[in-house]
Each structure stands twice: as structure tokens, then as C-alpha cells.
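> Have a look at this one before I ask anything.
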Amino acid sequence: MKRTILSEFSDIPLDRGILSDRLIGKRRTKRLRRLGDNQQYNGGRVAYFLQQLINGLTLGSIYGLIAIGYTMVYGIIGMINFAHGDIFMIGAFISVITFLVLGALGITFVPLALVVVLLMAMIFTAIYGWSVERVAYRPLRGSFRLAPLISAIGVSIALQNAVQIAQGARVKPMEPVIAGGLTLFTDSNNFDVVISYLQIFIMVLTVVLMAGFTYVITRTSLGRQQRACEQDRTMAGLIGVNVDRTISTTFVMGAVLAAVAGLMVTLQYGVIDFYIGFLAGTKAFTAAVLGGIGSLPGAMLGGILIGLIEAFWSAYFTIEYKDVATFGILVLVLIFRPTGLLGKPEVEKV
Amino acid sequence: MADMKNAVATPGQGGFDVGAALKESGKAAFVAGLLGLPLLALKADNFGSKLGLVYRWDALFIAIAAVFVGRFLLILLSGRQKKSEGGVFAAFGKGIHSNMALIGLAGLVIGVLLPVVYPDRYVIYIATTFMIYVMLGWGLNIVVGLAGLLDLGYVAFYAVGAYSYALIASQFGWSFWVVLPLAGLFAAFFGVILGFPVLRLRGDYLAIVTLGFGEIIRVILINWTDFTGGPNGISGIPPITFFGLPFKNGDHGTFASFFGIAHSPVQRIIFLYFVILTLATLTNLFTQRMRKLPVGRAWEALREDEIACRSLGINPTNIKLSAFALGAMFGGFAGSFFSVRAGFVSPESFTFIESAVILAIVVLGGMGSQLGVVIAAFFVVILPEVFREFEEYRMLLFGLAMMVIMVWRPNGLLSFREPTIRLHPKKESA
């Protein structure tokens, strides 16, 4: 008997996103169990809480960086860029490959390698973001609302499968590049609160990037053009803003941030595969909506909130239902604030 | 490779200029080269537990060459047929719409005659799958096409229907015909539960909430092992019976013995096909009827202008809720059919990609067009079958096709849309 098409559309194995049970969940559960034991014997509650806070902030930074890509694109052309999660996945793959190339070239000095990988991931992922916009979205600008969305879903399916074919379906492991960490303090029950150098790196990089982007958006001519296009594309075009180029730049900026997030995930979790984009993308989009879509600080806030919710839910309740918790909180927030936490209420005009 | 299509740009202006075309193709090939360099030419291959680099410059050069040639041909073609295309399609769409009843009837006759003319297992099987998608498409069309609500989690209702039948039938042994309406009710109930708090959200917020709802249902199906069987799903679901007569070998009380014919496994498959054909036809008739009722008109009015609707005293939440629940109900019917046909359900059949495919059917077909759904479902079901030989490239081609069709026909394949009612029916507009 032939297998049904219904099941064939979904022959991607179950739940393989970042932080899924299969990839990272196991590790995390193991770590949690260890922590849980500590807690049981010693009752290191405050320390345990702080540790989860650090983990949540790290995860939240990553979600926030991806969420900015969604929010910027939504703000400027009002579409959900469904392929953005896959752009992030491509960023992760390019990071891994660049590490391998550097290894083959014999460059092992870690700071240099990191800088090179970061740059390469940004550049090549940006080209992907640019091409996707050029090919799949630009011809659809001005057509009705759902057309670019379907096109984006098509691109997302295509990118996932292209990477699966080109790079293989197996999970790609990475050895830790930045090892070690700081023990912040040890409480009276011998529970160490550790912040790894990698987590510091992730948070610092996120803050730097956020500062940089806020500067670009608020102070530079490019940012002014973007805000102009966001408010009124036709009018912006009339007063001499190159609308096409501004939109392209927006996609490039989103892709650059997604690439950084891809590198961070590669470093932090040490395993990637072609399917990580979907769940990360969904979470990041949730973050963008939670914070109020179209708002940059909102995206970052939403990302951090989602990261914290996941970390704490996994720590104190069940890791299996963390996605349920995330979406549940999203629904709750939207019921009371229909435009998200920092979103501007939409004034509907007739 | 993905890069191949990445090179489509705006078509050249006016006459055909070989130099400009070559230059444009060169640019496209250059971009393709940059795209392919990290992911195509270099492969991070697994060697045991470690990764190693594998170089595939040949693949990169083939891709660049293919993009160059492809882009050149595209410019050549788009230069040739510039104006005619849109007009032809619009006229085609209009022609189809003015003979809608006739086409629908012809389609139904073909559908009924298919198993008689072509009693081939494989063909009937594919036709059944096709009809499931048509039914799902029509169900979602109520929500997306008529009421204009973007639902990215339609598969959740499909799953509710499928698990309803699977659980009730295997626990209590109730027949398919009893469970079918129940499954629809359950799905509609879930639709109301989800819809009630979120339907006042704007379009794109609704999209993410429905997407989240789809994921929540799936996560629960995976993790509530005692109830749903977890990732292994539920197997051994009772098969369909001919209104109480089972399709199996035996002398008494079976379908074959009742009608005095020899038993053959294809009988069950053909019966299943007729069941889904009936269900889908009912869905369509129901929708067509609804469009003429006040509530159906309110759906379309709401899609066009919410504020105007409010001013006329229509309660948007209730109207949206009715569309949402009805769409969900048909999803539930289709789901319970899915589980009686397959005899096995697992959360794997209800991933997001399934929702995306159903939504793609609605949008590719041209929103709100019932016939468009059929045509798009044909693409979506038959295309992967045709590409079966390409196996691993199948989904890649599917994704690209989705994108290309959308870019080529942004309003869907049948984009001609006529309002269901008009003030002065005699006057032909457009």
C-alpha cells in the first residue's frame, strides 16, 4: 500500500526545533535533573532561580535578535516573512561551515575565528535575505495581503529542503568554541550559579547590536528613510526615497541579525539541523507579536519574555508543555492588549 | 537547487536586447554563485561524531550555469509574451464563472464515474486523497476566502476530528456514521473555544494565535500519552462499514454476502471514495447555500469592510465565530474520515506544513473560489505524485512551485471574483 500523501507532507521527524526534546531537551533535562537533585538535598532555591534567569536571558537574546527581523519587515511592508526562520537556519549552517573552513586553513585563534565567522555568516546570510526579497516578495508588492505570505511559505519549504539536500539531513554537531564560565557565587548549600563566557558573549553581543541598530534607525539617513517608508510608502517615494532599496536594506538588516542568532545557537547548543528554523522562527514571531509587531524595543522585550517563560516553565513545571505555556501567555496578553505590549494601538480610518 | 529561481528579476523593458539580457543573466549567475558558495560547494559532512568538509565545486558550477541559462530564457520568454497573458486568464476565469453550475455538475459526474471507469486501487486511492484536500480546502475557504480570517492552524481541527473518531471508535466501538457528526461538533466546539477570545484581533495577530493553537494541539497529542497514545498515535482503528455491514470475507452479515457478490478489498476503497465524494459535495453545497443566507453575506461584507459592517449593526465577533466554527466543523468531518481510512492516527500527520498546504490550496486557487480550490488541490496532490521519482527533490520543487505560481498569478489561478449578490442583477459589470 502506498503511504498517504497526508503523512508524506509531514515526514519530517517530530519536533526537531531548537530546544526540542530530541536535540537539546535531553541535555537540558539532564542538567535540570542534576540541579533538581541539588535542590532536593540542599534547597538552593534562590540560586536555582538565578541560574534559570541567566539561561532565560540568553535564550531570550537569541529570540529577540530573530524577532527584530520579523518586526522590521512587518513594519515596513506589512507582511509576515515566513521564511525568516529559515534565514536564521541558513545563518547557523554558514557559521558551522565557516568554522570548518577556518579549521581546514589552520586558524585556531578563537577571537579571530569568531570575528571571521561572524562576518562571513552576516555577509552570506544577508545575500540570502536580499535574494529572497528580490525573487519572492518584490514582484508581489501591492498585491493582496495573503499572496506574499503564501510565497513566503513556499520559500520556507524550498530553503529547508534545499539545505537538507545540499547539507544532508543528519544533525550537525559542533565542538564548543568558547568553554568555561564564571561562578557568580556559591550559596550556602554549595549550589553554584554559573554564567558561562559564552552566555556573556551572547548577551554582550546582543546589547551591542541592539544599540547599533537603534542608532541606525533613529539617527542615520537610512533609518529616516526606513521610518518614512513605514509611515507611507508612496509619499516616501514622492519625496525621493528609494523605496525598493530601503526595503531591500530592511531585509538585509533582518538577515544579518538572524545570522548572528544562528551563530549564537550553534555555539550555545552545539547541534543544528535543517529544521531548526521553523520552531525558532515561530517563537521569534510570537515574540515580535507579544512585544507589539512593528516595534523594535517590543521585539527585544518579547524575545526576552519568551526566553524567560521557556526557561522558568521548563525548570519549574514540565519541559514538554513549554510551547503550550508560551502560546498560552501570548493569547492572554493579546486578549488584554490586542496590539501587544509596546505596540501602538491602530487607528482605523474609514 | 534553490538558487536556480533566485535570479528572477524585473523583466527588461520593451524590445529584446541581447547585451542587456546577457548582463542581467550574468548578474543572476553571480548572485547564484554567492548563494551556492557556502552551502552548495562546501558541505559539512558527518564523519562519525565529527564534522568534516567536503568540496563540491562541480555542483556549484552546474548551478551557476543553470541559473545563467534559466535567467536568459526567462528574459527571452517574458519579452515575447507580454500583454496577452493577463487578458486570457481573466477571460478564462470569467468564462468559467458564468458556467459555474455546469462545470460543477460535470465535475460531479466525472467524480461519480471515476471508480466505474477506472477501478484501479492506486487511482482511487489518490482520488480519495485529492477529495480530502478539496474538502479541507472548501472548509478553510469559509474561514479565509469568505470571512477573510487568516487561519494558520486549521490542521488542529482536522486533528480533533481524526482523534475523535479514533478514540471513540476504538474505546466504545461506535460506528463511523454515529461518530462523524460528533467529530464535527467537537471540532466546531474547539473552533468556538479558540475563536471566542481571539477573533477580535487584527488579521496578522490572529494568524500567529491560530498557528500557536495548531502547535498546542499537536504538543498535547504528543505528550498526553495516556489519552492519545503519544507520538505512537492510535492504531487498529475500526474500519468503515457499509452502514453496519463490514467489508470482509464471510458468509453472513458482510457487504459481499448481503449483495451476493464476491468479496474484494477494492470494494472498501471505492466505498471510502464515495463517502468522501459525498462529504465534499455536501460541504460545497452547504457553502454555496450559506453564501446566499444573511450570515454568509455578512461574512463577505465583513471581509470587505469591518467598519461598515459595524455601522450596519452586524456583530463582527458572532459572524466571525460562525465562520470559524463552521470551517472547523468541516475540518473535523474530514479528519474523522482521514482516521477511518488510514486506520491509524499519529501527531505526525498534523504538523504545521499540513496547515500551510491547505492554506496554499485556498490562496493558490483564488480566494473565495470553490472551483479554484479544486484546481489548486489537484496541483498539490498530483504534483508530488508526478515528482515521486525525484523523491528527495519533491518538497523542494513543491515549495518553489508554490512561490512561482504566486509570483506568476498573485490573485490565485482563478482570480475572477464576482460578488455573490449585487443590487441590480441585470447589469453586467466588467
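Using N, Cα and C of the backbone, Cβ positions are placed for all residues, glycine too.
Relevant sequence annotations retrieved from TrEMBL are reproduced here:
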{"type": "TRANSMEM", "residues": "B:59-79", "note": "transmembrane segment"}
{"type": "TRANSMEM", "residues": "B:100-118", "note": "transmembrane segment"}
{"type": "TRANSMEM", "residues": "B:124-144", "note": "transmembrane segment"}
{"type": "TRANSMEM", "residues": "B:149-168", "note": "transmembrane segment"}
{"type": "TRANSMEM", "residues": "B:174-198", "note": "transmembrane segment"}
{"type": "TRANSMEM", "residues": "B:205-224", "note": "transmembrane segment"}
{"type": "TRANSMEM", "residues": "B:269-287", "note": "transmembrane segment"}
{"type": "TRANSMEM", "residues": "B:321-344", "note": "transmembrane segment"}
{"type": "TRANSMEM", "residues": "B:356-383", "note": "transmembrane segment"}
{"type": "TRANSMEM", "residues": "B:395-416", "note": "transmembrane segment"}
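Each of the listed features needs to be described in terms of its position in the shown structure.
For the transmembrane segment (B:100-118), same-chain residues at least 6 beyond its ends with a Cβ under 8 Å from one of its own Cβ atoms are 124, 127, 131, 270, 273-274, 277, 281, 284, 370-371, 374.
Listed by sequence, the residues of this chain that lie at least six past the ends of the transmembrane segment (B:205-224) yet keep a Cβ under 8 A from its Cβ atoms are 149-156, 159-160, 163, 194, 198-199, 230-231, 347, 350-352, 355.
Beyond the transmembrane segment (B:356-383), the same-chain residues lying 6 or more positions past its ends with a Cβ under 8 Å from any Cβ of the stretch are 93, 96, 100, 103-104, 107, 126, 129-130, 133-134, 136-138, 140-141, 144-146, 151-152, 154-155, 284, 287-288, 300, 397-398, 401-402, 405-406, 411-417.
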> Other than its close neighbours in sequence, what residues sit by the transmembrane segment (B:269-287), given a CB gap under 8 Å and a spacing of at least six beyond its ends?
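Those are 104, 108, 111-112, 114-115, 119, 121, 124-125, 127-128, 131-132, 134-135, 138-139, 141-142, 146, 240, 242, 247, 255, 296, 330, 333-334, 337, 340-341, 370, in sequence order.
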